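Have a look at the structure that comes next, please.
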Amino acid sequence: MVRIGRARLVLLIPGAFALLAGLDAALILLGMPAPVTTTRLPQVHGPLLVLGFVGTLVALERSVALARIVGYAAPLLLGLGAIALVTPLPITVGKALLAVGSAAFVVLYIPLWRRSRDVAVLVQVLGAVLATGGALLWLGGVDVPHLLPWLAGFVVLTIAGERLELARVAVLLAQAVRSFQVACAAFLLCVAASLLWPAVGYRLLGLSLLAIVLWLATYDVAKRTVRGTGLVRFSAVCLLIGYFWIGCAGTIWTLNGLVIDGAAYDAVIHAVFLGFTMSMIMAHASVILPAVLRRPLPYRPVFYLPALLLHASLLLRLLGGDAWGNSASWQWGGVFNVVALLLFVVMAAWSSIRGVPKRDRAS
């Protein structure tokens, strides 16, 4: 069991590297001192974090669920692609590895889908398809800002599919499941429309994203579990705040349409990938990482500190910086975004090393 956990840790290390490299790139883009400064890092900031970090993490978790050696090709290739992006190798090498790794991720889902024929798994498959589409478009020369709907679609559909699985604990009506399918199908079509007909596509994309947010806000079990205690409540708080942030992103797309630069672009991209995605990772870390590494990651109340810092600093960045045009708010909000994520990583490692508290072991 220990050997298996260590082997999976080796696959997780490139994802952790992608996170650190992406945060280093964030500091460069903010105009702040960074541990490593290269001209390439700012160019690959987004794909590093979304495909390199989140992609590797989710693919590894799905590989564990599949329980077949061939399934580990996806996290391996995604991790190698992230590393290649920041080396002196031609950037095309990293792009190609991410594209192949994303395609392997889609293939990984096929036997998982065959096991259950479940809508929730199908939606996650479609998320991986969007990741592959985004990686291929980037390999083909499409600029990163135009990939935002594809990369956002990857994380939104992946997480929405997982939340549907948990929502069924409450015994959803068939009508609720159908409305979820319609919202996700509309979102998928609107991602493609945003590339083909951006003037209209982005507004429709925003509306379809808001439909998914409305469904999650209505049916997600987090509405009830937020009244619980401990990890259950912490996860619910992170989830509900995350839904607020993708609601903000959907609203900006609906009102502004095409956004590929400026304050609106900064607000959308960080609402989705910081406010929503990173909040989801914090919410599920104490469940996912033990399953992957076979080592406990006990919840501790101190986890609220990085979570609250993340959302407070993001509010400062988007409201004070992007909305009101205050450069200091934008810059320092971004810095504390980085601090919050690093703080959570440190606290999670500390909690895992300390192990399960004695009072919990006794109970």
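Glycine residues also receive a Cβ, built from the backbone N, Cα and C atoms like all the rest.
Remember, TrEMBL labels are computer predictions, not curated facts.
Below are the features I grabbed from TrEMBL:
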- 41-60: transmembrane segment (TRANSMEM)
- 69-87: transmembrane segment (TRANSMEM)
- 93-112: transmembrane segment (TRANSMEM)
- 119-141: transmembrane segment (TRANSMEM)
- 203-222: transmembrane segment (TRANSMEM)
- 234-255: transmembrane segment (TRANSMEM)
- 267-289: transmembrane segment (TRANSMEM)
- 301-320: transmembrane segment (TRANSMEM)
- 332-353: transmembrane segment (TRANSMEM)
Any chance you could find the range in 69-87, 267-289, 332-353 with the most Cβ pairs under 8 Å to the transmembrane segment (93-112)?
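It is 69-87 that shares the most Cβ pairs under 8 Å with the transmembrane segment (93-112).
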Using a Cβ cut-off of under 8 Å, list the residues of the same chain at least 6 residues beyond the transmembrane segment (69-87) that approach it.
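Answer is 11-15, 17-18, 21, 38, 40-41, 44, 47-48, 51-53, 55-57, 59-60, 62-63, 93-102, 104-105, 107-108.
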Who are the long-range neighbours of the transmembrane segment (332-353) in its own chain, taking Cβ under 8 Å and residues 6 or more past its ends?
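Here the qualifying positions are 16, 19, 23, 26-27, 29-30, 32, 270, 274, 278, 282, 285, 289, 295-300, 302-303, 305-307, 309-310, 312-318, 320-321.
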When you check the transmembrane segment (234-255) against the transmembrane segment (41-60), do you get at least 3 Cβ pairs under 8 Å, counting only pairs 6 or more apart in sequence?
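Judged by the Cβ rule, the two regions do not touch, with the required three close pairs absent.
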Quickly jot the same-chain residues contacting the transmembrane segment (301-320) by Cβ under 8 Å, restricted to those at least six beyond its ends, or write none.
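Result: 234, 237-238, 241, 245, 248, 266-267, 270-271, 274-275, 278-279, 282, 326, 329-330, 332-337, 339-341, 343-344, 347-348, 351.
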